[in-house]
């Protein structure tokens, strides 16, 4: 047994160390090696084909994605165009509906007006001439009202009359020309005086003239003339003469408005005095009213 075991061990070692040469291969071994090479080549070709297929599939997927994106863009554009076209159609339909509603409303108004005219009858039909006349009448009335309003607004401008008065100042004759209203008392008295002083020569004599020998008539005529000549003129005081000179100077120089504006200011003595007088008078009236109210039971 021990020998057998040693032999077996030796044979096993020999088997491990033994390497067959190429000439010692059998046909079956060669066929198996060829098949293994072919299998390895097929696996490599399959691997390369798999990688190619993977690349092609990736490209195809990318193309498909690009196509999908393009298709999506086209669909969005189509949707937008469809939406705009639908909006235009809606606007057109709304416009058409509005026109139809306006037409229907006008038609309804015409029908109502026709029915109203039928109910009223021929009395409502008035000839156009009457309308024109009424329009003219209204225009005339409106114009007359406007004229009346203007007359009321505009105060009546009174006519001015120049009168001349003769005064005696220190033996000199002074003529004063004043411009007053025609309806004033001063103007009326001046006109009456002029009518009285008119010579009676313009008036035709009602009684035949007496002979020249009558001394009474001649004496009366001479006395009237002497009376007119020797009539006393109205005397003028120094204050009146200075006032007259000042007024004439203002008119010649044209400083009346400037003086009036100056007197209305703070430096105007006359205006200030008048204002203070008005204040005193108003204060007196208030005190009087208070006293009277206290005196009443």
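Backbone N, Cα and C atoms are what each Cβ position is placed from, and that goes for glycine too.
Residues or ranges marked as compositional bias 'Acidic residues' by Swiss-Prot: 1-18 (among others).
Residues or ranges marked as region 'Disordered' in Swiss-Prot: 1-157 (among others).
According to Swiss-Prot, the feature compositional bias 'Acidic residues' maps to 25-43 (among others).
Marked as compositional bias 'Acidic residues' by Swiss-Prot: 70-79 (among others).
The phosphoserine annotation in Swiss-Prot covers 81 (among others).
Marked as phosphoserine by Swiss-Prot: 84 (among others).
Look at Swiss-Prot and you will find 85 (among others) tagged as phosphoserine.
Secondary structure of the compositional bias 'Basic and acidic residues' (97-111) per DSSP (helix as H, G, I; strand as E, B; remaining residues coil): 15 helix, 0 strand, 0 coil. What Swiss-Prot lists as compositional bias 'Basic and acidic residues' is 97-111 (among others).
The feature phosphoserine is assigned by Swiss-Prot to 115 (among others). In sequence order, no residues are near residue 115 (phosphoserine), counting only same-chain partners six or more apart with C-beta under 8 A.
Taken from Swiss-Prot, the feature compositional bias 'Basic and acidic residues' applies to 147-157 (among others).
What Swiss-Prot lists as SUMO2 cross-link is 148.
Swiss-Prot lists 176-215 with the feature region 'Hydrophilic'.
Here Swiss-Prot flags 190-222 (among others) as region 'Disordered'.
According to Swiss-Prot, the feature compositional bias 'Basic and acidic residues' maps to 190-199 (among others).
Summarising the annotation, Swiss-Prot assigns phosphoserine to 214 (among others) and lists similarity to another entry as the type of evidence.
The domain 'BCNT-C' annotation in Swiss-Prot covers 216-297.
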